[in-house]
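Student: Before I ask anything, here is the structure I am working with.
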Amino acid sequence: MDVDTSKEARSLDQEKLPAVSADTLDLPVPETAEVPSPGRDLRFWLVFVALCACTLISAIDLAGVGTAAPTIVHDLQGKDFAWVSSAYTLSSAACIPLSGNVAQIFGRRPVTQVGIVVFAAGSAIAGAAPSMVILIFGRAIQGVGGGIIQSLTAIITTDLVPLRDRGLFTGITGLMWTLGSGIAPFIAGGLSEKASWRWLFYLNLPLCGLTLAVVTLFLQLNTPTESFRTKFFKIDWIGNAIIVTSACSCMLALIWGGIQFPWTSYHILLPLILGISGLAFAVWYEARYAGEPTIPLIVLSNRTSISGYIATFVSGMVTISLGFFLPTWFQAVQGASPVVSGLHFLPWAISISPFSILQGRLVSKQIARYRTVNLLGWCTMLLGLGLLITLKRNTSIGLLVLYQLIMGAGGGLLYSAAFAVLAPLPVTNNAAAVALLTFLRVFAQAWGVAIGGTILQNALKTYLPSDLLQQYPEGAEIAYSLIPNIPMLPEPLRHEVQDAFVRGFRVLWTATEVICAVGALSVLFMRDVPLRTTVDKRWGLKTAGEAGASEGTLEAAPPSKEPR
């Protein structure tokens, strides 16, 4: 089936693209589901600022823990620090598909409010934690709230801004995320040294309160009017249960692998196989039996969207590995304090933020080809990682800054993968597609932290002096337990330990380079599809006269056609 897209292409001020075709799923839908984007008033900008604040809070909280890790481990005397990050990313990833499904049934605002409240509650628990177990529990609660916030921020942005204009706005939200990731090590380091790491969590409370107030007052969106009972039973409980348990099963294997149990042990292979099989089964179940599917099959019905999902997953693994482990490198190898390691990490944020906006501008207004921008991002990231592999104990700060600037530019350009996911799909599938996209990004971060930590742990076991390793019990987090003690080691041993960290990180950066190359291959399957200029009328901001009014019947939009 062929669809002429030349008129739409010309309306995008871009070179005429070839007609595109596909055998995507055909859903009979009325023409009125997609409408031109309304103007943007003060309410829109207040809501958008609140969404950006939500993104910034989540990013600071996720990225800051890595810098504060040595101090937290020292204070709480815990050996399971990997779970402090993994519990957050695991619970966050697991609840994202459900949050998208619930938002499609209950509406956007109440789900966003719940996410902010849950995140604040988790922050309070983590900040007051008297032990590592309670801290991990608080981080898991935070992860649920953070996952909801990330998912709903992306969904609401797609509701209010058409894809053709969305580049700037996704670039700004991306800037907030990367800015938060960049300043988090500095904030966490400063708090760890001058006050207490607990304030890394307590600072979330007033920010959450302010954001909740803005969302409550100004996020007046159309909302379904069915009864609570009807909405509750429309939720895809079975599909979400399969996704959650499968994701948790995968993560347990990744966290335990090579540390608690050998990779060939049934303790690792069984949950990993069950988790991957469960995720595949979830897709089959959603296609066959779910009444309100969390993952409608149409969002996986063309190769361009699938390639965008792959690119998003891989870039999520790569960027979290850099954001989480680079500050650790500064502390372990160069003896930097938490504050100084945060300062050394700033070039990453300084470069990735403007390039995340630039990619949106390029795709939306200039070359209008997200495939080209995505390929450029992968090539730049590969170059930066290759340079990172050459790092030594005495590498100059100037080179470290340059390498981070290069990788940051690549990371910013990789945000263009979202265009590949959404361009071939009708706007009425935005929520499901964006929820899946966000799930994959966060799930990838869980994989990135777990795999990166395992690689570093196993490499250090190989390169550190054996008599030093004997001082740490089996299963202990060697890197974070050892780093605070490195400055106190006698001179020959200290340099030997730092060189061991250099070699261990070199293994980690090499593995990350290989993963990045896999992501670059996804570009081969992308096609440039014209960007839509319409939004879904069901989920827009209410006008003054519509406040409190009910929304119309939910309808679907005509399917887009894209080459397989």
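Each Cβ is built from the backbone N, Cα and C atoms, and glycine gets one as well.
TrEMBL does not curate its annotations; it predicts them automatically.
Sharing the feature lines straight out of TrEMBL:
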- 44-69: transmembrane segment (TRANSMEM)
- 47-531: domain 'Major facilitator superfamily (MFS) profile' (DOMAIN)
- 81-102: transmembrane segment (TRANSMEM)
- 114-137: transmembrane segment (TRANSMEM)
- 168-187: transmembrane segment (TRANSMEM)
- 199-219: transmembrane segment (TRANSMEM)
- 240-259: transmembrane segment (TRANSMEM)
- 265-285: transmembrane segment (TRANSMEM)
- 306-325: transmembrane segment (TRANSMEM)
- 345-363: transmembrane segment (TRANSMEM)
- 397-422: transmembrane segment (TRANSMEM)
- 434-456: transmembrane segment (TRANSMEM)
- 507-526: transmembrane segment (TRANSMEM)
- 544-564: region 'Disordered' (REGION)
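Locate each feature and note its surroundings.
Tutor: Within the chain carrying the transmembrane segment (44-69), a Cβ under 8 angstroms from the stretch's Cβ atoms is held by residues 81, 84-85, 88-89, 112, 115-116, 119, 123, 139, 142, 146, 149-150, 153, 156-157, 160, 169, 172-173, 176-189, 191-192, 197, 200-201, 204, 207-208, 210-211, 214-215, 218-219, 323-325, 327-328, 331, 338, 341-342, 445, 480, 541, all 6 or more beyond its ends.
When Cβ-Cβ distances below 8 Å are used as the criterion, the transmembrane segment (114-137) is approached by residues 54, 57-58, 61, 72, 76-81, 83-84, 87, 99, 143-149, 151-152, 198-202, 204-205, 208-209, 211-212, 215 of the same chain, each at least six residues removed from its ends.
Residues 48, 51-53, 55-64, 66-67, 153-154, 157, 161, 200, 323, 327, 338-339, 341-343, 345-346, 348-350, 352-354, 356-361, 364, 408, 411-412, 415, 418 of the same chain, all 6+ positions outside the transmembrane segment (168-187), place their C-beta atoms under 8 angstroms from a C-beta of that stretch.
Away from its own ends, the transmembrane segment (199-219) comes close to residues 43, 46-47, 49-50, 53-54, 57, 60-61, 64-65, 68, 108-109, 112-113, 116-117, 119-120, 123-124, 126-127, 138, 142, 156, 187-188, 191-192 of its chain (Cβ-Cβ under 8 Å, at least six residues beyond either end).
Outside the transmembrane segment (345-363) by six or more residues, the chain places 166-172, 174-175, 178-179, 181-183, 185-186, 322-323, 326-327, 330, 369-370, 373, 377, 400-401, 404-416, 419, 531 with a CB less than 8 A from a CB of the stretch.
For the transmembrane segment (507-526), the residues of the chain that approach it from at least six positions outside its boundaries are 303-304, 306-308, 310-311, 313-315, 317-318, 321-322, 325, 370-371, 374-375, 378-379, 381-382, 385-386, 388-389, 391, 420, 451-452, 455-456, 459, judged by C-beta separation under 8 angstroms.
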Student: Taking only the residues in the domain 'Major facilitator superfamily (MFS) profile' (47-531), give me the average pLDDT of this model.
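Tutor: The average pLDDT of the model in the domain 'Major facilitator superfamily (MFS) profile' (47-531) works out to 85.
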Student: Establish whether the number of Cβ pairs under 8 Å between the transmembrane segment (240-259) and the transmembrane segment (434-456) reaches at least three, counting only pairs separated by 6 or more residues.
Tutor: yes
